[in-house]
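Student: The feature domain 'Xylose isomerase-like TIM barrel' is assigned by TrEMBL to 21-253. Taken from TrEMBL, the feature active site, proton donor/acceptor applies to Glu141, Glu238.
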Amino acid sequence: MPRFAANLTMMFTEWPFLDRFDAAADAGFRAVEYLFPYDHAPDAVAARLQRNGLTQALFNMPPGDWAAGERGLAALPGRFAELTAGVATALRYAEATGCRRLHLMAGLADPADPAARSRYRDAVLHAADALGGRGIDLMLEPINGRDMPGYFLNDFAAAERWIAGIGRPNVRLQFDLYHRQILHGDVSMALRRLIPLTGHVQIASVPARDEPDDGELNWPFLFAELDRLGYDGFVGCEYRPRGGTLDGLGWFAAHRDRQEPAG
Ligand SMILES: O=C(O)[C@@H](O)C(=O)CO
Ligand SMILES: [Mg+2]
């Protein structure tokens, strides 16, 4: 049975951010993820997790100026000092929340540009070593160019090559089925091949990016496939509900009572 994590950036947005933890727990989730916690103090986030018995599955390191359109710093020449400061900030939040996985966003850069490639390598190595010392895994996620035009890491084979080339055991793939389907299709065979590299899975319907109960992908088959593959990590529900979050949780009913409490 997949262990689902509610994505509090996209789900439960009817509530203010900190109240989304309570709402997700009331709906039966035992884990949460989100893009960024940085508008709130680490202790405030940790308190919400604790009082609801929730596990923090994942969050992203600081991405640069998100409001201005930046989508990560790792491949951006000239931003290394900001990147290392961001890694340190993320680690403070990871420590407070007990989070074992952090996603490093690559940024908007040409994946063939030698300067961007060299900076990306340095950034991933720096982050991997900083996290590795604390027993935390570093996630690299290929993202499709329709949602994020110009994103550096826009291909699953490239992500696989980066992970192999970096050669650190704590650098893992963030396998978002939504991006995989848009970029390449062949979702099940890719899962079978890449599950040993995968540290985190995310889901949303394709093409609408809403509840995993519709669209191009066969969700009951894919959830069973994750079980058949022995995947025991989290499955982040990174979707925008069609209407109210609670109204759209019909797909979750069959899973709700079998979610494991935080351990
Ligand atoms: O798929 C996504 O968009 C996210 O997982 C992310 O981290 C960046 O937006
Ligand atoms: Mg994702």
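Residue numbers in this text run from 1 along the chain shown.
Just so it is clear, glycine is given a Cβ too, placed from its N, Cα and C backbone atoms.
All TrEMBL annotations are machine predictions without curation.
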Student: For the C-alpha pair, I'd like the distance in angstrom between Glu141 (active site, proton donor/acceptor) and Glu238 (active site, proton donor/acceptor), rounded off.
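Tutor: Checking the Cα atoms of Glu141 (active site, proton donor/acceptor) and Glu238 (active site, proton donor/acceptor) gives a distance of 13 Å.
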Student: With every protein chain in view, what's the tally of Cβ atoms within 10 Å of the Cβ of Glu141 (active site, proton donor/acceptor), excluding that atom itself?
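Tutor: The answer is 22.
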Student: With every protein chain in view, what's the tally of Cβ atoms within 10 Å of the Cβ of Glu238 (active site, proton donor/acceptor), excluding that atom itself?
Tutor: 25
